[in-house]
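Q: Annotations per TrEMBL:
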type     : residues      : note
DOMAIN   : 1-200         : domain 'Peptidase M12B'
BINDING  : 134, 138, 144 : Zn(2+) binding site
DOMAIN   : 208-295       : domain 'Disintegrin'
DISULFID : 267-287       : disulfide bond
DOMAIN   : 421-453       : domain 'EGF-like'
DISULFID : 425-435       : disulfide bond
DISULFID : 443-452       : disulfide bond
TRANSMEM : 459-480       : transmembrane segment
């Protein structure tokens with residue numbers, strides 16, 4: 001997770017200078033990273049932004065309203081100048097509607113929704129880091145632990161809750177439960193984490209370089225941790241340099257026995273039906289960035305469309321919250337319930353906390369209205385969907401959910417699928433590929449980009465194929481006498497460790 005931490009004006013006033021603020025933010029992020037490591041997730045802090053003069057928007061009062069303003073600011077101001085996966089706002093203001101924070105559910109990688117707000121409510125770094133980890137957990141699709149889910153973690157044996165226990169602001173959890181791990185795995189299978197597969201560049205990390213911290217930093221070929229924990233035969237843990245003869249490290253997806261894998265080797269399997277496989281290019285030890293089906297492509301046997309790498313169906317969302325057998329109420333019942341514009345049925349909230357009533361056309365894009373089985377004929381009463389109080393949109397229909405033939409939910413409105421962009425790309429792939437999120441043909445194995453019209457040895461994305469051809473031209477141009485030196489130079493440019501940093 002490439003993380004940006006933002007410290008608001010009220011929080012910045014609690015510390016004597018910017019150095020203290022940056023140090024505290026680094027310590028919090030480092031502890032959050034430590035919390036997530038047992039789940040196979042790394043949290044890499046890219047930057048700390050401090051609003052030392054004034055906040056760019058109103059912070060305070062309702063945490064829900066503050067979060068909405070922060071997410072809008074992130075999308076419009078922060079993302080264009082600093083690409084990242086997730087942003088967390090640390091505030092010194094107390095809210096009147098939650099105890100310590102507010103986040104969005106299963107929103108990781110979303111330009112509009114991936115973020116949260118946490119109060120800087122303790123002098124203890126550990127306590128605040130637990131709060132930030134909790135909110136980040138919601139962004140990754142984790143729900144609150146509960147007794148009915150039989151959740152367990154090591155903290156329970158020390159009179160603490162787990163990290164995803166309902167927040168109280170007291171005795172925070174210091175480890176994730178088995179339920180949190182299951183929630184995370186399910187979210188990733190559904191395509192939630194498409195942006196987490198790339199390795200953050202060393203120059204972008206906001207931390208002090210140190211050999212042995214598992215992060216690849218300037219001057220390092222590899223970093224497999226401290227000597228007592230490193231098991232990589234390709235990496236010298238004392239120097240963070242590759243051993244003699246090695247081209248890459250064991251953690252690299254396109255590396256085998258310290259040598260680069262051949263072009264066309266599948267290095268990443270698709271996660272869900274809206275994701276796409278990736279293949280090694282024979283030049284880099286890294287698997288290419290994750291690609292997924294273009295938004296608007298049909299999925300779930302034509303009953304839904306892909307959006308942000310996930311296939312969101314109304315029935316699937318009901319079952320995720322209520323269990324097997326759950327499904328949506330009738331369309332007429334949905335229109336009645338969500339047309340009320342109250343806590344039990346609406347199409348969103350305004351900044352003043354009032355609810356927006358759904359029009360009949362948009363009723364399927366508002367609050368989830370689910371039931372177990374079929375209700376009595378003529379009745380209209382959905383099952384109350386359980387939702388976590390510190391999540392702003394847990395009980396709302398996900399963006400990209402189908403709301404009719406050729407229609408999808410966007411911003412709680414039922415819009416034409418054309419709003420997702422050009423849907424004609426598929427016709428350019430000649431029946432041997434599909435359109436990815438970059439608007440390019442992602443060819444089947446055996447067909448060549450960019451149009452999948454001609455046979456080829458592998459299904460490499462266009463940019464990677466061009467890179468490979470350019471590399472070949474360089475080698476031929478320099479001649480045999482310089483091949484060894486060029487090969488060594490290319491290796492040094494491409495040395496990275498990957499899987500362990502997601």
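Positions of Cβ are set from backbone N, Cα and C atoms, glycine also.
Predicted automatically and left uncurated, TrEMBL annotations should be read as such.
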Q: If I take the Cα of residue 452 (disulfide bond) as reference, which of the recorded positions 144, 287, 425 has the closest Cα?
A: 425
Q: Let me know the most crowded of the binding-site residues, choosing from 134, 138, 144 and counting other Cβ atoms within 10 Å.
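A: Selected residue: 134.
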Q: Compute the C-alpha separation of residue 267 (disulfide bond) from residue 144 (Zn(2+) binding site), stating it in Å without decimals.
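A: One finds 33 Å between the Cα atoms of these residues.
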Q: Minimum Cβ neighbour count within 10 Å among the disulfide-bonded residues 267, 287, 425, 435, 443: which residue?
A: 425
Q: Within the domain 'Disintegrin' (208-295), how many residues are helix, strand or coil going by DSSP?
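A: Looking at the domain 'Disintegrin' (208-295) with DSSP, the answer is 0 helix, 16 strand, 72 coil.
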Q: Check the Cα-Cα distances from residue 443 (disulfide bond) to the binding-site residues 134, 138, 144 and tell me which is shortest.
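A: Given the candidates 134, 138, 144, the nearest one is 138.
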Q: For residue 452 (disulfide bond), list the number of other Cβ atoms lying within 10 Å of its Cβ atom.
A: 22
Q: Can you list, in sequence order, the residues of the same chain other than 134, 138, 144 whose CB lies within 8 Å of the CB centroid of the Zn(2+) site?
A: 103, 135, 137, 142, 143, 163, 164, 166, 167, 388, 390, 391
Q: May I ask which of the disulfide-bonded residues 287, 425, 435 is closest to residue 138 (Zn(2+) binding site) if we compare their C-alpha atoms?
A: 287
Q: Fill in the CA-CA distance, residue 144 (Zn(2+) binding site) to residue 287 (disulfide bond), as an integer in Å.
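A: Given the Cα positions, residue 144 (Zn(2+) binding site) is 34 Å from residue 287 (disulfide bond).
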Q: Can you tell which of the recorded positions 134, 425, 435 lies nearest to residue 287 (disulfide bond) in space, using Cα positions?
A: 435
Q: Provide the three-state secondary structure of residue 144 (Zn(2+) binding site) computed with DSSP.
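A: Looking at the DSSP assignment, residue 144 (Zn(2+) binding site) belongs to neither helix nor strand, so coil.
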Q: Tell me the coarse DSSP state (helix, strand, coil) of residue 138 (Zn(2+) binding site).
A: helix
Q: Could you tell me how many residues in the domain 'EGF-like' (421-453) are helical, how many are strand and how many are coil under DSSP?
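A: DSSP composition of the domain 'EGF-like' (421-453): 5 helix, 9 strand, 19 coil.
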Q: In whole Å, how far is residue 425 (disulfide bond) from residue 134 (Zn(2+) binding site) when you measure between their Cα atoms?
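A: For residue 134 (Zn(2+) binding site) versus residue 425 (disulfide bond), the Cα atoms are 40 Å apart.
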